[in-house]
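Here the structure is laid out as structure tokens; the discussion comes afterwards.
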Amino acid sequence: DGCGHTVLGPESGSLASINYPRTSPNSTVCEWEIRVRPGQRVQLKFGDFDIDDADSCHSSYLRVHNGIGPNRTEIGKYCGFGFQMDGLITSKSNEITVQFMSGIHTSGRGFLAAYSTTDKSDLITCLDNASHFSEPEFNKYCPAGCVIPFADISGTIPHGYRDSSSLCMAGVHAGVVSNTLGGQINVVISKGIPYYEGSLANNVTSKVGSLSTSLFTFKTSGCYGTLGMESGVIPDSHITSSSILEWPNQTGQVNIWKPENARLKRIGPPWAAFISDEHQWLQIDLNKEKKITGIITTGSTLAEHYYYVSAYRILYSDDAQKWTVYREPGMGKDKIFQGNTELYQEVRNNFIPPIIARFIRINPLKWHQKIAMKVELLGCQFSIGRSPKITLPPPPPQNKNDEKNADFMDDFIHSVKTSLQTDKTTFTPEIKNTTVTPSVTKDVALAAVLVPVLVMVFTALILILVCAWHWRNRKKKTEGTYDLPYWDRAGWWKGMKQFFPTKSAEHEETPVRYSSSEISHLRPREVPTMLQTESAEYAQPLVGGIVGTLHQRSTFKPEEGKEASYADLDPYNSPIQEVYHAYAEPLPVTGPEYATPIVMDMSSHSSTPLGAPSISTFKAAGNQAPPLAGACNKLLSRTDSASSAQALYDIPKGQLGPGSADQLVYQVPQSVAHPTVSKEE
């Protein structure tokens, strides 16, 4: 009479002392005989251990044995308050016995433990929650039997569960693992939310929860979508039932609660059976085989008609002729699903393993007042593949001790075959045509690799050609009609000009000359100042000295079809035939950017009045008269043609002697007529 919560599954399970987590009663005893598949071993893990050790484990203790029956051997004997069991207790065979003895005591909760086969190295107990683990994502194995009355959870899918919730119990609620089988869970930790909803699913009630620092969810296959009842994908003609409720209302109008009304969240009355008994059913045709992972149900959703189904069975078929009742693997009886507890709440139940079928029947077993419900199926498309090959262990020897093993294996194999039903599946032509042969699959994979590579190569070639064309056009635009190529501009010319031979005499620039009589009147320090002249980067017209002509460095371009000439044969003109170039050429590197003006200081000349200013070759601002009184200008015109405008150059006044100061008066060519003074002045 000392046995508490107990679920013994084929590969895992949970067990606890009576009255756990409260103090266990005095003088009680319980033994659990655990047997797994032959060839496997059993491992035992304690989630909580609190047994009175006042008499040194004499009357209150927990004892673990290898094997079952009189030939068993003891592994260990344990007691103590808050005893921490390090590691796992492992058997030497596929059988183990756990014995609990409770003597006279005043306190002690007893124990809670979980077991599994030794290949489940990440086994946890039903008491573990997310706060016990620091990893943001982890995998654990939940034992069977974790739907326990002394644990609770808060939250639901897909929003997540509060971090204080039992991991395995939340896994059952979410439909990730089965309470009768256990299974692997993949947990993801994330930031908590202010409010956690409550719901009923898989016979587990989730409570409303408050704010928490973190929450957890489960990674799943994602096959939990709706299959078309609510959306209308399933037509009305594919929803049938055993009977239909028809009744007249107070006005005499007949109300018909047809099977097509059994669509979840559809406003209006539900489907209801005319007779409420265990032989009624609601049938749904999915048009082709689907992978069905769950079902959601509600009651009538009409406050004046408080009808709902509280328990039901599920049957499935491929041809609507031969039906199979859903069972969990290893279980020898039909699975009874918990339905609704009131008419509004949505209750979800999951199929683990999922059902592969075209037709689904819901067979109500318990109801409130009348059979009435709305439903939605969960699942996804069924991808056709080869049926899994079931490897069976060799038959155990037939003796009395192994009769239970034989019965267990028969039930387990029968349930697996029933859940798969791959040998009885009939494929429609539409599905067969979508099957891809292995050779086509290889070609598709090869094309999926080659096509992107070829696209990238051709794109790169096109980009290279476009860039080359753009660079070529840009190069042409930079070379104007009157410009040199980029490799023949001033910078390159200046660097290479020093390697060229000296120009011939006829192309040399004639220097500015002054007579010896002019220079003799100047002081030695003034000669460099008067003769100072530096060529610019581009030559300007000469404005002083005997030669006033344009040379090959001129920046002036003559008009087309006309030749340069001098209209006035003045004795001061240079007899040298000048050569004019259409375009300016760069000057030597040594020249400054702009020409330096020729300045002559006449203050020391003998014939110059006292205080006469220095004479500049540049034109004074405005139309002022020449600063030297008595100077006479004679215009020397140079025209491009007989009718062209005249360019004005001043010449020395008269044919005076060498010592005359008038010889030294020169002015810049004027673009407008310059005021003249009579020679007699």
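Using N, Cα and C of the backbone, Cβ positions are placed for all residues, glycine too.
Heads up, TrEMBL stuff is auto-annotated, nobody curated it.
Annotated disulfide bond per TrEMBL: Cys3-Cys30, in sequence order. TrEMBL lists 3-118 with the feature domain 'CUB'. As annotated by TrEMBL, domain 'LCCL' applies to 120-216. The domain 'F5/8 type C' annotation in TrEMBL covers 223-380. Residues or ranges marked as transmembrane segment by TrEMBL: 444-469.
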Check your understanding: By DSSP, how many residues in the domain 'LCCL' (120-216) are helix, how many strand, and how many coil?
Key -> 11 helix, 38 strand, 48 coil
Review point. For the domain 'F5/8 type C' (223-380), what is the mean per-residue pLDDT, to the nearest integer?
Key: 94
Point to revise | Listed in sequence order, residues with CB under 8 A of Cys30 (disulfide bond) and six or more positions away | key: Asp1, Gly2, Cys3, Gly4, Ser17, Ile18, Gln99, Phe100
Check your understanding: Taking the Cβ of Cys3 (disulfide bond) as centre, how many other Cβ atoms lie within 10 Å?
Key -> 15
Review point. What does DSSP give as the helix, strand and coil breakdown of the domain 'CUB' (3-118)?
Key: 0 helix, 61 strand, 55 coil
